[in-house]
Each structure stands twice: as C-alpha cells, then as structure tokens.
Amino acid sequence: MIGADDIADALGMFRPTPQQKAVIESPLEPALVVAGAGSGKTETMANRVLWLLANGHAKPGEILGLTFTRKAAGELAERIRHRIRQLAAAGLMPAAADGTAAYDEFDPPAVSTYNSFANAIFRDNAMLLGREGDGAVLGEASAWQLARSVVLSSGDERLPQLDKSVDSVTKAVLSLSHALSENVVDTGALDAMVEEFAAIAELPPGGRGAYAEVDGLAGAVGALPVLLGLAERYAQAKLARGFVEYSDQVTLALEIIRRVPKVAAEYRERYRVVLLDEYQDTSVVQTWLLSEMFAGHPVMAVGDPNQSIYGWRGASAANLEEYAAQFGGGRVLDFALSTSWRNGHDILSVANTLVEPLLPETRVHVEKLRAGPAASAVPVTVTVHETLAEEADAAALWLKARLADVTVDDDGVAHPPTAAMLFRARRTQAAFIEALRRHEVPFHVLGISGLMAEPEIADLVSALSVIGDPSAGSELVRLLAGSRWSIGVRDLKALERLAARLRDRDLAQQPLSDEVRQKLRDSVADGEGGSIVDALDFLATVKGEHGLFGTRELFTETGLERLADAGALFARLRSRAGLDLLDFVTLVEQELMLDIETAANDSRPPGRAGMEAFLDALSGYLAIDDTASLGGFLSWLREADWRDGLGPRPEDAEEGTVQILTIHGSKGLEWDVVVVPRMVEDELPGKTRDAKAWLGFGQLPYQFRGDAAELPDFEWRAAETRKDVIDRLAQFKADVTAHHEKEERRLAYVAVTRARHELLLTASFWAGQNKARRPSPYLRALVDAGVITPLPEESEHEEAPDGGAEDVFLWPLDPLGGRRARVERAASLVRAASVEADPESAGRWQTDIELLLEERRRRLARVDDTIVPSRVPASRFKDYVTDPQAVLAALRRPMPEKPYRATRLGTLFHEWVEDRYGMHGATEMLDAFDGELDTDTVPLEQDRLLELQATFERSPWATLSPIDVEREIHLPLADRVIICKLDAVYQLDDAADGTPRYQVVDWKTGKAPRDAQDLEDKQLQLALYRQAYAEWKGVDPQQIDAVFYFVADDAIIRPERLFDRKELERLWSDSRVVRG
C-alpha cells in the first residue's frame, strides 16, 4: 500500500498530521470527519483522493465530491485536478488495463455543489416525471416577480381579510413554497392540522383573563390555507413556464430516485467513493436525497457543528448527529481535525470559549481547536466605548494602522494585509462606513446591500420610490435635503404642515366635513393618507399667490422656489413612467444628474461600476417579464436587500481594502485582520425576530419540518383552556429563544475564526437608543475565562451623551464641505478660460450644444411631449386612437392597479382551452374584455367556469384543432410596435382556387359589444391580429377571417369589415397621441 506520507514525499508536500493521515487512509466505509474552522479539511479531502487513486481503490471519474457553494466547489476541483497531475507526474497513478495514460484529463473527479448535483439528476431523468429537463432556473429576482404576479392576479376573496400588503403576502408565499418543497410536505395533512389548530379559539378561558392572544394565534395559523393556495398556484405557474427553483431541484431529484430506484443504483455504480463537504450546511431534503442514494456506500462527510449557521433555510447542526443512522445503519468511522492552520493562539482561545457551552449538548464528539506551529501570538484586542461614533472611529483607526503594515515578498512586491468588518446586522453599518471614509481607509461593501449604500444608488432608489409610492416621505426628505435642492428644516416642516392640510380636503380642495374626515381616517392604515409627496405635487401645480391653506407664511421664499422646482421635476418624471422600466430608470438617473455627480466626485473611483451593477440587477429582474412594474421592482429590492446578507459571499479577499459584509456572508472566507463590531446585548447575540416562530404569518408548523425532533415543541394539543395555551406558549417562546441563542453563539464563533492574525472586538453603550446597552454576554464570558482583561460593564452616563455645544452643526450640510474653496477656484479658472477661448474653436461646438439643449428642452416639456411606450399592446390600441387624452393622463400619472383583480375567470378558461388542445403558448393570461370583468362584484365561482366550458363544447371550435395557440407577434405600425397575442388560429378549407384560408379567434369571457360604435371600436383589435398574422405567415390579409367569440353569451361576432394596414396607420397618425 502506498501511504499518505509516501505521496506527500513524492509530491514535495508537508507530511499530514496523525489526524489527517487517519482520514486520508481510512477504509472504504461510511465515515464522519468533524473538522474545526481552519483545520485544513479541503487539503485533507484532496489528499484522500490521491491516496484512493494511488492505491487503485477508484479511478478519477469514479469519485464524487459535493460542497455548498460554487466558490468552494471550484477551489476543491482545481486543487484535486492539480494534485492528480502531480501524482501522475510522480509515477504513482496506476496505469489503465489497456496500457493507456494513467490519468485521463477528460474524466476527472466530479465536483459540484449539492444543488447542481441534484439538478443533474433531475435534468437527466426529468422525463420520468413527465417534465422537461431543460427548464430555466429561477433566480431570486425572477422568483419574487413571478410570485408577486400570482398574488396580484389572485381572485381569492379571503386575501383582503389577511390585512397584509402585497409584498408581505409575496414574501410569505415564497417562504411557504420553499418550506413545502424542502420538507416534502403533505399539504392535505397541513390543511387538517390548521383546521385542528383553529379549535384553540373555542377553548374555555380557564382563568380571569380573556387571553386574546389565543385568537391572534388562531388567526395567524388560519392564514395558511390562503397562502397554501397561492403557493400551489405559484408552483403551477413555474410548471407551466418550465421554470424550477434551486429548492425544486433537490425535491424533484428525490422524487425521481423514490419513483425509480434504478436511478440511484446507477449513481452508486458510477461513483465508488463520495465526499460530502460542509455537511452541516445541508438542508433536510438534501440529506434525504443523499442518504437514500448512498446509504452504506463509501461516503465521507466533513463538517463542523459549531459552524451550522444556516438554520433559517433548513440546515441543522443535527445533520452531523444523524449521519451515522442515515448512512451507516447506526455505525460509521469517526475522525476529527482539530488543528487550526489559520488562526492565532488568542483567536482560538476566544473561539473555544464561545462554543464551550454548546459541547455538552452535541451528540458528536467535537474537540477544541489547537493552534498550528506557525500560529500568530498577537493578542486579541477588545475595546468598549461610550458612543457608537467613538466605537466606529476606533475601529477605523485600528484598521488604518493594520493596513499600513505592509509585507514584502521574495520578489520585492509589497502586500498590504487583507481585512474585513463583519456585522451581525447592518443597522449601524453606516456609522462605520462614514468613519472609514473620514479616516481615508479603503473599503468595499459586498453584495446588493453594499450597492444600495452607494450614495448615487441610494438617491436613485429614493427618487424611484417617490415617483412610484406617495408614502415615500423619508426618501423624499433625503432628496430634498441633499445637494440638489438643500431644503432646510423650516421648509420641510412647512411641507409637512401643508400635507396635513391637504389630508382634510377633497379633490376640489374644499374642506371635508368632520364626519367624512373621521371616516377617511378610519378607512386607512396608520401612515396612509396625504403625504409630503402629495404636498410637493400640489406645490408644483399651484399658481400665483395661492395661500396654501394658511401655510404660505411658514415657507421661506427660497425654499418655496426650490420645492416647486423639485415638484415639477418629479411630475415630469412621473409622466414618463409608462416607458420601459430600464429606459425609465436611466432617464431618472440623468434627470437627477447622478451620472454627472458620480463622474465629478473626486473622492470616489472613476467610472460607473455601481450604476452599471444596479442596472444589471434590474435587467435580471426584467428577465422573466420585460413589462414589470416599478412598484414590483422596488419591493424586490427591499426583499433582496434584507436577504442579501444571509448567504455566503463569492468574492475573494482584497489586499489593502476593508471588505464589509455580514457574518452569515463571511462563511468560508478568511482575512489577515478582522473587526467584529457591536458586541453588545441584543445585537450579538441578537434578539430573536419572533419568539412565536411557526406561529407567525406564513410559517410552516414545526411538526412538518424534517428536523422537527431538534426544534422546540409547542404542546398546544394538550391544552384544555385558553390560559393553558398561553402558559404553554410562554414555555415555547423561552425554548425558541434558547434555540436562537445557540445559533447566535455559532455565528460569533464563525466571525472570530475568520481572522488569521489579528482580531478586534468592539462595543459601545449608546447607539441611538434610550437605554445603555451593556457589552455582549460573550465578552463577559471571555473575561470570566481569563481570555481577555476586564471591561467596563456600565456606562459613565445615565442618559445618552448629547455631545455638548461643540456637536451643533448647520443643516442641510454644504454638499462641497471643505472642498468649496478649491471647487470655486477651479470653476473661476474654467470660466476665465472659456471667455478667453478661441471664437473659432468655440463655434465648432456651438451647433452641437444647441442641439443638445433643444433635445433636453423637448424631453423635459411637461404635457405635450409625454412619451408613449414604443411597444403598445393591441388590446390598448383602441384607447390610444379613441381617447388619447385619457391615455396621456394615465402615462403622466399612472395609478396603481387594484390588487387581487377579479380576472381569474378568464385566466382559468384560457388555461382550460390550452389544456384541452394540449397546446401552451407564450402567455397564460386572457385579458378581460375592456376591463368588464374588473369589478368588485364578479366572483370566481367554479360553476361559472363550468358554464363557460359547457358553452365552448357546443361551439363550432369544439371539434376543431388549432394550428396556433397564444401566438405572440410584434407588428411594426407607424413608429410603434404593436404587441399582438392571438388566442387561437385555425386553418379553414381552401378557397375554390386552392388558396389556403385561416381564421383568427379571440376568446372573450366578458360582455358582447353594446352597440355599433362599440363594435366599431373593438374591431380594431381583430384588424391588428389579422394584419399581424398575415405578415407573419406571409399571406394576403384577405385570406384570414377574424372573429370574436363571447363565450358567456355563446355569441360569434364577425365585424362587417376590418381596417387594413393603411387605415390602421392613418388612425394612429391622426390621433392626438404625441410620440416622444
């Protein structure tokens, strides 16, 4: 046998430690390796592969390696490939039986992520489930948009009763959908449990109180059937479009191997050895898939229960504890890697102390980490300050000093250290960023949260929010108080007073009666109603010496002028909200002159990297639907910003730059120096977001989780009274809090073990709250263990320090600050140079300048130049040519659509027709005819749908087969593109002369035309469809018959004549719609 030491010697590597050698040379049996942070598990796994190959236990292509992230998979694959080449070069690779090369570069070990492996199983075997295997994988943005569209198109009359926003419902639907998939939930059992749980509201009091919280619990859980219905519709929408999510990949792969066991047998035969990295991060459904495929097989799982920090997505530290039962029938080989090759001595003392309380409850043996022979001896630094500002300053200065400590390699190249600042939550991140900027410390905020923190992006998002949301008052204040308008406190307060006056007036600005005002207040939620956004719009419209309802004297003249200018700008931008979203966002950027500000800011790197990244994010969001709304995009941004810090980051460390990210995002990364700020109570460890856990809105009850045995148990079934429910709830909340604290402790462990050489832990008593927060109990535990010196436990102040008179400053701030003198001097030099410029040289630019100014003037003209979208739906063509002013008004000030519109009946009928013919087009929506189904009184009743189906079965088309369904054709017309979505096309009998004939049919579930004029207007849609199909098919329009079929009335309506292309173009050109 060739030993691990022999291989190391032949390849010129360090010999493995005894622990590593035991892992490398372990028998081909199920094995579990508990590998602490920085213990060299990747290197050990790579050397395990070499040992297997050198001793003929497997060929390269017979080894499967799985890990958690693409970054980790890439690093492991590259290391294994490199080492195999070295092994072959050293002559230690057994030759093939036919004498060919010992190592085939085209048959390397398979290394991928867990999800990619599951997707390969699904893709290769999708037909076994009756599905297509080449469907697109939905990213988070596309999934959010699709789920939101499902919510908005729902006709479930129970939805408004939930009293939740569209975004809240969308988030709950996605969360529940993923939970159902990742835990393979029986939805029938879930419905039954919800019905059973509702009985707690009927229990007797059992005490003196009303115990109203019981009703709240029943209501929250009672929302699940509504959300479950939406989750099922979301799943149907994905299936209809051929989409899958990452969570679906594993569930579908599991379904395949359960239905067809030979698939798993083929994989076991293909891969003789399996390596599972970061096993503690696998979800329940991933462990089910792998154990059902490879139980009893030579599988080696490597993980660390102390780094299990992704419980929010279904991962559990118990995965390692259940490994023996799932893979080895109760017995597996156990190994440990406990020497850290990354962390310094004191850093490891901190890490071991943090997780020591977890060890007694862990069912797998976890050894304390030991330092390697070359470990740093630099002490851990801990500082506690009075205020957040002092804490941020201290952290910035500490990092600045460390980044200045440059090392020089053998080639004479200087290398500053890598550094990171790791946050438990981003709430106080801005203060630390400002301190880094003030002390000129290079930094990089990772992820979309970092992107949103960029000033130009924050301004852009604020502007988009003001345009799309009348309640975006905070965003408006940011812009008004910024460098563009510099509105002061007095004028902002006056604007709010004006908004208050407008709330009590009707559309004609007449005072409302007391009774109406009270009813209005009762009908809206807190914070709704008139806002400063509405007040700003009002200022942009008033003329002359309007008294502003008694508030005019509250404004300064300068402030009033600037506010009117801001209002006019937002009104102009709002008038263009009908543009394609990508074009509109670009327009907003330009009109706010953010592109110019970014280019002119000498304190920031040149280029548009931040803006381009933002536009890339928008493009990704639009990938699923290029007609997405501004409101939908903004809601996704809020959700993405929240979720961004929860997953591991793919970026590598940057020398000389402080990377800013969350602790969750730091998993798998390492830096020379690390700062962990805000080590205070309620921040690290953080408070649980909701101690009610699964009793909150849209949460899957724990009993349906695959790891239910490891989660707190709410014993509600044993309760006999409402008081009993509340008592048991109190114990459940305590158990949830204790469970949460364990994950917080593991988070702290992950944070400190990211540092190779130096670690700074900081805290401060005051960070904007009314009561001082003590240093984290984790810091106090370090003091008690003698790892760090004693720290102050109480603030020197009973109240938040106000800083004294020296902290008083003028607001709004001068946007140029200390640069004003330099900038004004530079500007005067430019003006002087311009005056002295050669007239001939200046003349060459004059024409271009005038053209650009004229272009800008036309673009900013308010009413007559309203831009009509370049793509016009055929169903809206009638509105453009018959009522152009209404269309222009809608484009200038788009009104939000009502949620949950009752158009579901048409959608259901359309889907039924497609299913009946077995043909599915590019879209599933059937537009309700002129909005006639868009009323509050149209129920989505099953019998209505059955009536429509029965009527259709009696129609002439019941026995015919269409040649096209849902065909989308883009018809160029005049200066626009008309989007024609044809419901169905049939081929008729040929004409007498043999010419082929066709029929275009447009299904309508609304009411038939009321009179001749109504029909005249509506025939325009059919005329467009006929023209579009004729040009697409390459036939004469006269060969095409076009009809409406109003199914509810069983009425076939064929207009006496349809306009031809010239007439359609004339109608468009003669309309008063101004093209921009």
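Cβ coordinates come from backbone N, Cα and C, glycine included.
TrEMBL does not curate its annotations; it predicts them automatically.
Over in TrEMBL, the protein carries these features:
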type	residues	note
DOMAIN	14-344	domain 'UvrD-like helicase ATP-binding'
BINDING	Ala35, Gly36, Ala37, Gly38, Ser39, Gly40, Lys41, Thr42	ATP binding site
DOMAIN	345-668	domain 'UvrD-like helicase C-terminal'
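DSSP assigns Ala35 (ATP binding site) to a strand.
Counting other Cβ atoms within 10 Å of each Cβ, the binding-site residues Ser39, Thr42 show the lowest value at Thr42.
Looking at the domain 'UvrD-like helicase ATP-binding' (14-344) alone, the prediction's average pLDDT is 89. Sitting within 8 Å of the Cβ centre of Ala35, Gly36, Ala37, Gly38, Ser39, Gly40, Lys41, Thr42, and not among those site residues for ATP, are the Cβ atoms of Thr44, Asp304, Leu337, Ser340, Trp341, Arg342. Look at the Cβ of each of the binding-site residues Gly36, Gly38, Gly40 and count the other Cβ atoms within 10 Å; the largest number goes with Gly36.
Following the DSSP three-state reduction, the secondary structure of Thr42 (ATP binding site) is helix.
Other C-beta atoms found within 10 angstroms of the C-beta of Lys41 (ATP binding site) number 22, with every protein chain shown included. Ala37 (ATP binding site) counts 23 other C-beta atoms within 10 Å of its own C-beta, drawing on all protein chains shown.
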